[in-house]
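Undergrad: Here it is: the structure, laid out below.
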Amino acid sequence: MNQNPTIRIGAIDVLRALTMLLMIFVNDLWSLKGIPDWLEHVSADADGMGLADTVFPAFLFIVGMSTPFAIRNRMQKGESMAAITGHITLRGLALLVMGLFLVNGEYINEAASGISRGLWNVLACTGFILIWNQYPRTWNATLTYALKAIGIITLLMLAFRYKGGEGDNLSGFTTWWWGILGLIGWAYLVGALLYAWSSGNRIALWAGWLISMALCTLNHLHLLPSGGLLRTLISPIGEGSMTAFTIGGAIASEVFWKEVNKQPFQWKRLLGIFLAAGVVLIIAGFLMRPVGGISKIRATPSWVLICSGITLLVFLVVYWLVDLRKKGNWFSVIRPAGTETLLCYLIPYYAYAVVLFTGWSLPAFLLTGGVGLIKSLLFSVLVIVLAGLLTRRFLKLRL
């Protein structure tokens, strides 16, 4: 077995942490009033985007950037392609399951289901944690299996009693849409399997990215069928928009890995390549604006290109700080968000449920304007710190 050390790029972890910090922050903006519009999501019919509209695509791009290193590490450990494929598939399915449960919570009919939205989210997230927690090896195996079984039973019971919708249009547990985690799951599945099965072949990756962008563009030109098999296949990946991010991130990582392994390493060359690529993507995005405008909700090609370019440029800055200037300690407080990302995403569901259950709320001045923004930022940091503390104790989610 190859004993090469695990490959890990500090900048990717830090960029993931920063993105998760922003995700928690923008997801908390609903609790505020009197804040700048540019921080929030723009409406579905608008041509433009706010800060919140750049966070999810950045996360998808980082998922793509992480994929080559994760797969390369498994190959170095001697894992077979079948084992790697199985691992990717199980991770993707786990994200799909979690996405579906959280989305169904958004549409729950509390009276018909006999369960509040807050309690649904708490039970669902607890089920996720019980199933996918990496329990200490010192724990009794029977206890570990029992806890996982409780998690599975919890989710099955929730799905069984679920009723969603309003009035006479009630439905059972269904795919209203895939949710944020589900969309990540689909985009990860396609991007990771493409990378693994092609062994990182650049022609295959570029073909995957171009096909994704073509589907996205054709969709907004109204040149794709509104139904049928093709629509069924491409709908979960945002008609190509989601996979454009993950595959684009994988391409960026391959270029990055090639450059940093050249002897001697030339930072200025890497800077030039990524800077040029980022600028070209952003310019291309604006040139594509007539095709559907810039819109996260509608997942337009312009939005895909602009956000990809922005993420690439931010990665350059973070890489320079963390890996070249060795300033990773600047981000030590939020570091758990880069490694315990899923737990950071789930914790706010518990916090919001407590607010719903107790009716407790902060004074209005803490929920308004600049003071409110500081509150949301502190809340985001607190969530990350709590995730780090829980991880040190007994919680370590691994898909």
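Backbone N, Cα and C atoms are what each Cβ position is placed from, and that goes for glycine too.
TrEMBL entries are annotated by machine, without manual review.
So TrEMBL has the following annotated:
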DOMAIN    11-167  domain 'DUF5009'
TRANSMEM  12-30  transmembrane segment
TRANSMEM  50-71  transmembrane segment
TRANSMEM  83-103  transmembrane segment
TRANSMEM  115-133  transmembrane segment
TRANSMEM  145-164  transmembrane segment
TRANSMEM  176-196  transmembrane segment
TRANSMEM  203-221  transmembrane segment
TRANSMEM  233-257  transmembrane segment
TRANSMEM  269-288  transmembrane segment
TRANSMEM  300-322  transmembrane segment
TRANSMEM  342-360  transmembrane segment
TRANSMEM  366-390  transmembrane segment
Undergrad: Looking at the transmembrane segment (115-133) and the transmembrane segment (342-360), are there 3+ C-beta pairs under 8 A, with each pair at least 6 apart in sequence?
TA: yes
Undergrad: When you look at the transmembrane segment (176-196) alongside the transmembrane segment (233-257), do they share 3+ Cβ pairs under 8 Å, ignoring any pair fewer than 6 residues apart in sequence?
TA: yes
Undergrad: For the transmembrane segment (176-196), give me same-chain residues lying six or more residues beyond its boundaries with a C-beta closer than 8 angstroms to one of its C-beta atoms, as numbers and ranges.
TA: 56, 59-60, 63-64, 67-68, 70-71, 81, 84-85, 88-89, 91-96, 98-100, 102-104, 106-107, 164, 204-205, 208, 236-238, 242-243, 245-247, 249-250, 345
Undergrad: Residues of the same chain, at least six outside the transmembrane segment (83-103), with any C-beta under 8 angstroms of its C-beta?
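TA: Answer is 71, 74-75, 121, 124, 127-128, 132, 155, 158-159, 173, 175-186, 188-189, 192-193, 196-197, 349, 399.
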